[in-house]
Amino acid sequence: MKELLYMELAEVYHRLESTTKRLEKTEILAELLRSVDKELLPDVTILMLGRVFPIWSEEELGVGIKLLMKAISLVVGVSMDEIEDEIREQGDIGLASEKLFSRKTQTTFFSQPLTVEFVYSRLKALASASGDRAQSKKINILVEVLSQAKPLEARYITRTVLEELRVGVAEGIIRDAIARAFEVDPALVERAHMLTNDLGMVAAVAREEGEPGLGRLNLEPGRPVKPMLAQLASSIESAITELGRAFCETKYDGIRVQIHRCGDEISIFTRRLENITAAVPEILEGVEEALPADDYIVEGEIIVTMDGRPASFQYILQRVRRKYDVERLTREVPLSLFLFDVLYHREPLIDEPLRHRREVLESILSEIPGRVEASRMVDVGPDNLNDALWLFEESIREGHEGIMIKDTEAPYIPGIRGKKMLKFKAEPETLDLIVVGGTYGRGKRAHLVGSYLLAARDEDSGDLVTVAHVATGLDDETLQQLSERMEKLAIERKGRKLLVRPEIILEVAYSEIVKSPEYESGYSLRFPVVKRIRDDLCLDDVDTVGRIESLFQSGQPDQPG
């Protein structure tokens with residue numbers, strides 16, 4: 001196998017970071033992918049996203065900024081305070097590392113140039129470090145890699161460790177680069193990625209097997225896919241008119257899950273593709289009873305009910321985030337599952353119409369009342385519109401969010417927010433935005449972050465662009481918890497203001513979207529209010545500037561949605 005020096009990869013990162021032009025980025029990436037040996041191609045493709053593992057992998061590097069700073073301190077020979085000062089000045093750990101490494105006088109004797117294979121294998125080893133001395137093992141691995149790094153390499157190694165590459169490359173650009181590099185249909189690349197969630201695999205197949213190979217990639221139990229997403233419906237009547245015939249289902253306010261059975265193993269994934277099987281034993285037990293022992297992928301919503309009504313979303317988060325006291329929480333906060341789709345049963349079903357998929361689901365599901373049930377659904381057309389209106393009113397009366405309105409003839413399209421699936425809620429539409437900064441209060445509230453700077457996602461570059469500040473909707477207990485999290489995520493401070501690593505996602509309601517030069521997105525939210533913390537979402541779930549623009553043009557949220 002031909003070696004690829006990590007410096008060559010770092011120089012590609014630098015070229016990508018130096019241009020904002022999508023076509024130029026695509027060509028730079030295509031050139032790299034063409035030149036890489038087939039054995040390294042999957043790894044390099046994933047590294048281009050600033051990740052070490054596919055998004056659905058359970059493996060995590062488990063390295064926070066403090067641990068990384070300690071490794072840098074050992075390699076460069078400066079104090080933690082000096083590193084913090086440099087990060088504050090540069091506003092980025094990558095640039096700070098590059099500057100610190102450029103001052104390093106001591107070099108490792110007989111050190112060899114870093115290769116991509118070596119760096120990638122050592123970064124993967126971080127995820128395997130466990131036990132009583134896990135932190136020490138991780139530091140040793142980081143020191144081993146960084147002690148051989150040149151300044152530019154240090155910039156991108158440190159960013160990769162924190163999964164913050166900052167070169168303006170999102171999945172869409174990599175898909176285009178794969179298509180260009182190996183002269184295959186971009187639509188086939190997109191579909192293959194949609195079905196596998198693994199661009200490294202897609203790149204390797206495109207290179208070795210071309211379009212026929214891409215066409216053979218398909219859904220597999222055990223490998224989760226991104227969920228199909230819903231657009232806003234301005235009214236029930238307009239939605240039914242547009243679709244002609246639709247399944248209307250109760251919209252449950254819970255955590256959307258994808259449940260996979262492969263052989264004897266059942267795995268339960270959230271919409272951010274996180275495996276939560278161990279945290280929800282009663283759901284695991286329920287699906288073992290309610291579904292056959294065939295390979296399958298089903299989709300549904302987990303909710304908490306108390307006194308016969310849906311409980312707060314935060315109760316569900318409490319369940320899925322806890323790794324300990326699971327047995328006690330199972331008794332105190334019991335969960336229910338409502339299934340509404342099947343993507344695989346003995347064979348892939350996503351290209352089948354929803355009507356057929358629902359029939360399959362109902363044929364294989366043995367409902368367990370109160371534990372595992374099919375979602376409540378009515379088949380609606382222009383001739384029985386009142387059935388949809390009844391379901392909406394009944395769902396709201398019972399404490400649910402509203403209804404889903406789905407085209408009965410639509411295939412399942414992972415990761416796409418299209419017009420074949422609509423939602424209509426009692427409350428106005430909200431946005432899921434990520435916190436990138438904040439401002440501390442004054443006086444008695446000086447220890448609390450009272451205002452949060454929010455960002456949306458640029459779908460082309462993957463960059464985060466600011467869109468609003470929000471300071472209302474959080475009680476004192478939640479403010480305290482968020483402030484503690486912000487402290488741990490802080491990367492830069494200036495007076496009362498701080499910038500943070502983008503990890504906290506907030507669901508935000510607002511009265512209106514307006515154009516504004518104050519924020520990088522070009523838009524702002526009037527009277528934003530935090531509805532809830534969305535720890536069930538990941539960066540890819542953050543709403544895009546394109547969606548904000550679409551809502552602005554449609555004048556939302558004038559109607560409930």
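Positions of Cβ are set from backbone N, Cα and C atoms, glycine also.
Residues GLU249, ARG256, ARG271, GLU301, ARG417, LYS423 are given by Swiss-Prot as ATP binders; from PHE182, PHE340, PHE527, that same site also lists PHE340. Most Cβ neighbours within 10 Å among the recorded positions LYS251, ARG256, ARG271, LYS423: this distinction goes to LYS251.
For PHE340 (ATP binding site), the same-chain residues lying six or more positions away in sequence with a CB closer than 8 A to its CB are GLU249, GLU299, GLY300, GLU301, ARG358, LEU361, ALA374, SER375, MET377, MET404. Other C-beta atoms found within 10 angstroms of the C-beta of GLU301 (ATP binding site) number 21, with every protein chain shown included. Close to ARG417 (ATP binding site) in the fold, though at least 6 residues off in sequence, lie LEU229, ALA230, GLN231, ARG547, each with a CB less than 8 Å from its CB. The two recorded residues LYS251 (active site, N6-AMP-lysine intermediate) and LYS423 (ATP binding site) have their Cα atoms spaced 8 Å from each other.
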